[in-house]
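Visitor: One structure coming up, written as structure tokens, with questions to follow.
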Amino acid sequence: MPTPSGDTFLYNILQPEVHEQEHITLPFHHSPNQIELEPLRPSFQDPDLSEPSRHISQVKTEEQKTDTRPGSSSRRLPQPISIAIPDGEDARALTSPSNFDLDSADFPMGRKSQKPSLPEPDRPSSTSSGGQSRQANGNMDSHLEMRRKHPSLESPTAASQTAHLMSRESFTLDNEPPQTPITPNPNSSFFDLPRQDRRNFLLLVLLYFLQGIPMGLASGSVPFLLKQHLSYGQIGVFTLASYPYSLKLLWSPIVDAVWSPKMGRRKSWIMPIQVCSGIGMIYLGGRVKEMMVAAGASDGSGVWSFTWWWFFLVFLCATQDIAVDGWALTLLSPQNLSYASTAQTVGLTAGHFLSYTVFLAFNSPDFANRWFRSTPSTEGVMTLGGYLTFWGWGYLLVTIGLAILKKEDKTKERDGILEVYKSMLGVLKLRNIQSIIIIHLIAKIGFQANDAVTNLKLIDKGFSQEDMALTVLIDFPFEISLGYYAGRWSTSNPPIHVWCWAFIGRLVAACLAQLVVMIFPAEGVQPWYLFTVIASHIFSTFTSTVMFVAISAFHAKIADPAIGGTYMTLLATVSNLGGTFPRFFILKFVDYFTVATCHPPTSPPLEKDLKGALITSSFNCVAEAEKHRCIDGGGTCDISRDGYYITNVVCVIVGVVTFVVYIRPAALKLQALPLRAWRLGSGDRS
């Protein structure tokens, strides 16, 4: 576009493949008879020049003459121009043909390609050099196009120029950057997306849904089933099974770099992993009942072997998640990338809901006896072994359909494993990446006690498994719908702003959850209390979902597509790690701060009422096995100090302080950075 005092000259990029948007704009201010060139960038200068910003001024032009040779068409030819250059060594360098010849390697303009336009009465004329066709530009009166070797700094895919930009002494992330303009997504709903994006969106939902099946069991249902055998600290050992999701960064470069051209970059990993997952779930389904019994044996020491089996299954899901995250960056159009986080939220939530809520309800004997049986039974309609076997075969069927029905776009991009690890190391060296890692590692401490312990504490107080399943069942439609709208909010609003508001709401939800546990009725669950638990659960889930979708949308916007799988995995890994690594310690702290004593019965109970040896002396009953021994022997386990309340209060205080002092200011500053600040230079990629 024209500058206030003159025309703008565009320079084409000299590359084997010229992209339309890879231009750099330099203003040339001139009057009809004089052109003054502003200081050129160092990349345009000869390296021998000691002052690359020296002005080249006072370019005098002569009247253009008309070629009147016989047989030639009447045309205007540009005449030589005289340039006033300061005396001295710099002048000789500038006038050297190797440094200032338009036909040299730096400016390979053929003279035949120069077709000047007719001067207009009210504006000076300017010349234009054509592209590959060597024809005049259609907008010759306002632009001069010249090719050069280096790609534009404005191109997000120009790795060498990104490195050049970041190597400048003036480049810094310490100063307050200007606000980045927020471009709203024109597609406001799923049905406004292009047809191909809609189909790919549904494919992503399916793949994320399959990942949610074992994850819902490992993080939801299985801890509830283990609660009758293990204490909070021992259940904390089982939470280590979810660590692969937080450690997948260690092998994500392998997933990004090693693949088969015949199968496709992402399908090379997704299909074999789903086959292994299906076989593993079928195998585990036939033996899980005996494994759970062994986990509670010897005061819970058997939980380690049971944990390792689930660790392997979650490891496969985490590896698949790396490939799916990278595929999402190419399956959806660039302007609709925020829907990748929506697909992840909907898919994972649906899979988690099925393995947590639906399974927990149908696994409950009380629920099954009330609604599906005329003769009571001690088992539910659905067992853990049968559920694992069913979805193991489901994995295999989906893999066959994916192999037949979906073809992945071919790509020639291939980086060695070492190169991908170097790229990951380059990402970790970015100061803004280091800042977001710190934010992710401390951001979820404030609500860890609520996420990890509240539901288990309700079950411990007498909230039935059936009521818990009903609570999550009612919560599910809200979670799905709010996840969809959270994706839209993150598209039309700055995602970090949405994330900060959800952060505050999640701290409030942690306080409300503790209040709900404290007012548990002594006479048992009443309708009003069930409604209170459901409302508290919906609010907690709402804030958690919005927070997750918002930060996922921010990750999708800043990720470098050149190493999409590794970049997205790094960001997702540190986010998951912030919610995973404190959980083990939180559950240990609950047991540590709890004081519980088993008191023997005041009068000897009837022998038929005893399920174990009669309790004759007091002892500590914090551990679940000791608690069961106390109750079975006719004793009473009295909790004089509940470690859950202390742990939750400490977590909330830490969350408030860190949010106000560091998390919010740092996150808003990161959001204001331009996209090029999140890209790697060529030196970091190689």
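The chain as shown is numbered from 1 upward.
Here the Cβ of each residue, glycine as well, is placed from N, Cα and C on the backbone.
Automated prediction, rather than curation, is the source of TrEMBL annotations.
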Visitor: Looking at the ranges 419-439, 440-460, 566-586, which is given as transmembrane segment in TrEMBL?
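Guide: The range carrying the transmembrane segment annotation in TrEMBL is 566-586.
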Visitor: Using Cβ atoms and a strict cutoff of less than 8 Å, what residues sit near the transmembrane segment (644-663) while being 6 or more residues removed from its termini?
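Guide: That would be 438-439, 442-443, 445-450, 453-454, 457, 503-504, 507, 510-511, 513-514, 517-518, 586, 589-590, 593-594.
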Visitor: Pairs of Cβ atoms less than 8 Å apart decide it: which stretch in 230-247, 308-333, 345-364, 498-522 has the most with the transmembrane segment (268-288)?
Guide: 308-333
Visitor: Would the transmembrane segment (345-364) and the transmembrane segment (498-522) count as touching if the test is at least 3 Cβ pairs under 8 Å, pairs 6 or more apart?
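Guide: Counting Cβ pairs under 8 Å, fewer than 3, so no.
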Visitor: If contact means at least 3 Cβ pairs within less than 8 Å, sequence distance 6 or more, would you call the transmembrane segment (308-333) and the transmembrane segment (230-247) in contact?
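Guide: In contact, yes.
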Visitor: To the transmembrane segment (384-405), which of 201-224, 230-247, 498-522 is linked by the most Cβ pairs under 8 Å?
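Guide: Most contacts with the transmembrane segment (384-405): 201-224.
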